[in-house]
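Undergrad: Following this message is one structure expressed as structure tokens.
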Amino acid sequence: MEVKMIILLFQILAISTLKSDSADIPEGYIQENVALRGRATQSAQLKGEFAGFAHASNAIDGNRDSNYHHGSCSHTEGDNSWWRVDLKQVYTITSVTITNRGDCCGERISGARILIGKHLENNGINNPECSTINIMAAGETKTFHCPQPMIGRYVTVYLPKAESLQLCEVEVNVLFPAPC
């Protein structure tokens, strides 16, 4: 138990040396997308002719294809939409990478909040904020660095306006010690 605690403290120390605008990975560490291991859900799935393409799990399939009709994007329906991944365990998260829809409606994501925490109260919307998506071009993939490493099991993307939320990939980035 003490060894695990010491390793965790070293991880936090190494991660905290990252600047929020840095894409560098500290020596001796590897970055991994842990969202691929998770389970996704969303506030409400799009209904109608193209509903089959709209599943929450499409945003964690490892495919950054930004064309909604290719079946690799999620799509909510209704106001104040949210999408969430349960990572199934707690991690120290440094950043979240999002791929925006590219074939249409890229502006809809503006104002979305990326929230990370250990609680599901209010569907994770009450968890601390990592970053806000101010603007993203259609089809763009962008990494949002948390101001400091954040500990959490749930990553929620919440769009607090009257608009649907469309995500073509969500990657939750965690640093692990590199194998020797």
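Placement of Cβ uses the backbone N, Cα and C atoms for every residue, glycine included.
What you see is a predicted model, and the numbers here were worked out from it, not measured in a lab.
The Ca(2+) binding site feature in Swiss-Prot is assigned to Asn58, Asp61, Asn63, Ser72, Cys168, Glu169; the stated evidence is similarity to another entry. What Swiss-Prot lists as alpha-L-fucose binding site is His75, Arg101, Arg108. Swiss-Prot lists Cys73-Cys168, Cys104-Cys105, Cys130-Cys146 with the feature disulfide bond. Per Swiss-Prot, region 'F5/8 type C-like' is recorded for 31-179. Annotation comment: Swiss-Prot describes 1-22 as signal peptide, evidence class sequence analysis.
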Undergrad: In the structure shown, which of the disulfide-bonded residues Cys73, Cys104, Cys130, Cys146 has the fewest Cβ neighbours within 10 Å?
TA: Cys104
Undergrad: If you measure from the CA of Glu169 (Ca(2+) binding site) out to 10 Å, which disulfide-bonded residues from the list Cys73, Cys104, Cys146 are inside that radius?
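TA: The disulfide-bonded residues passing the 10 Å Cα test are Cys73.
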Undergrad: Would you identify the secondary structure of His75 (alpha-L-fucose binding site) according to DSSP, in three states?
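TA: Strand, per DSSP.
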Undergrad: Which of the disulfide-bonded residues listed here (Cys73, Cys130, Cys146) have a Cα atom within 10 Å of the Cα of Arg101 (alpha-L-fucose binding site)?
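TA: Final answer, ordered: Cys73.
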Undergrad: Would you mind sorting out which of Cys73, His75, Cys104, Cys105, Arg108, Cys146 (the recorded positions) have a C-alpha within 10 A of the one on Asn63 (Ca(2+) binding site)?
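TA: Correct set: Cys73.
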Undergrad: Using C-alpha positions only, work out which of the binding-site residues Asn58, Ser72, Cys168 is nearest to Cys105 (disulfide bond).
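TA: Of all the candidates listed, Cys168 is nearest in space.
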Undergrad: Between the recorded positions Cys73, Cys104, Arg108, which lies closest to Asn58 (Ca(2+) binding site), Cα to Cα?
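TA: Nearest candidate: Cys73.
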